[in-house]
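What TrEMBL lists as active site, electrophile is His95. Feature annotation from TrEMBL assigns active site, proton acceptor to Glu167. The annotation substrate binding site is assigned in TrEMBL to Asn9, Trp10, Lys11, Gly173, Ser213, Gly234, Gly235.
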Amino acid sequence: MRKTLVAGNWKMYKTPTEAKAWFKELLLKIPTSLPAEAALMVPFPFLPAAQEVLLGTAVAYGAQDVSAHVEGAYTGETSVRMLADLTCKYTIVGHSERRSYHKESDALVAEKAKRLLEHGIIPILCVGEPLEVREAGNAVEYTLGQLQGSLEGVPLDDYDRLVVAYEPVWAIGTGKTATPEDAEAMHREIRAWFARRFDLAFANGVRILYGGSVKPDNAAALFAQPNVDGGLVGGASLQLESFLALLEAAPRSKA
Ligand SMILES: O=C[C@H](O)COP(=O)(O)O
């Protein structure tokens with residue numbers, strides 16, 4: 001059984017003060033019998049407030065990136081030891097905005113995933129093709145290539161040490177969502193890749209989220225697909241009511 005996960009990615013929105021108030025309000029409004037697991041992936045300066053308010057509750061939290069270096073003279077970087085000290089459960093690696101704007105390679109993403117695993121933090125590894133690749137009919141090949149490269153040398157002893165997020169670049173922040181059928185088709189390919197690389201039990205256990213313009217009005221159809229184990233959600237995770245609606249749209253688990 002895979003527990004469904006709805007993870008908000010706040011990107012570079014809100015302030016620490018706003019975030020702390022939001023976390024508190026969320027805890028007041030979140031249903032006690034929450035079907036899916038909830039998580040918030042927030043900017044680094046929000047993590048102390050997340051730890052103070054969310055630690056020990058039903059809402060997990062984590063960062064949106066991490067340095068590949070453990071520590072040292074790396075101005076502007078944030079280390080995995082800092083994230084572990086702030087009790088992050090998850091952290092995003094390889095988001096397309098970092099791959100594109102910060103030229104992060106698969107090899108760098110793999111190093112970051114390794115650092116997280118070494119410190120007990122679960123990487124949410126993002127993969128997904130740009131529009132021209134999809135239009136050329138190479139979306140599967142491209143996405144599986146990214147997956148392979150971003151997990152090169154990453155020691156994965158169990159499926160619950162990793163979450164994958166399939167985020168087609170053309171669907172991010174554009175209002176264009178992959179159809180539930182297209183998302184399901186890619187998620188099946190990703191799961192089949194894990195079956196080839198590891199085994200069937202690993203493949204059936206690993207959670208694969210969909211990301212790209214997930215909203216309360218399309219979430220239920222996406223999350224109903226057998227291989228879509230929840231979502232990594234940008235814009236629609238920023239408002240409390242829509243984040244709660246997304247959580248309610250998610251089933252408890254997948255077989
Ligand atoms: O990580 C989240 C994705 O980039 C999706 O963002 P979005 O829901 O605003 O399209």
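The backbone N, Cα and C atoms fix where each Cβ goes, glycine too.
When Cβ atoms from all protein chains are considered, those within 10 Å of Asn9 (substrate binding site) total 26, not counting its own.
In the vicinity of ligand 1, defined as a Cβ distance under 6 Å, the following of the binding-site residues Asn9, Trp10, Lys11 are placed: Asn9. The residues near the substrate site, meaning same-chain residues not in Asn9, Trp10, Lys11, Gly173, Ser213, Gly234, Gly235 whose C-beta sits within 8 angstroms of the mean position of the site's C-beta atoms, are Ile172, Val233, Ala236, Ser237, Leu238, in sequence order. Glu167 (active site, proton acceptor) sits 14 Å from Gly235 (substrate binding site), taking the C-alpha atoms as the reference points. Distance from the CA of His95 (active site, electrophile) to the CA of Ser213 (substrate binding site) is 15 Å. Gly235 (substrate binding site) carries a helical DSSP state (H, G or I). Figure note: comparing Cβ neighbours within 10 Å for the recorded positions Lys11, His95, the maximum is reached by His95. Cβ neighbour density within 10 Å is lowest for Gly173 among the binding-site residues Gly173, Gly235. Across the structure, Gly235 (substrate binding site) and His95 (active site, electrophile) place their CA atoms 15 angstrom apart. Cβ crowding, taken as the number of other Cβ atoms within 10 Å, peaks at Gly234 among the binding-site residues Trp10, Gly234. On a Cα basis, His95 (active site, electrophile) lies 12 Å away from Trp10 (substrate binding site).
Counting only the Cα atoms, the space from Gly234 (substrate binding site) to His95 (active site, electrophile) is about 11 angstrom.
Within the set Asn9, Trp10, Lys11, Gly173, Ser213, Gly234, Gly235 that the record links to substrate, no two Cα atoms are more than 14 Å apart, and one pair reaches that distance. Comparing local CB density within 10 A for the recorded positions Glu167, Ser213, the maximum falls on Glu167.
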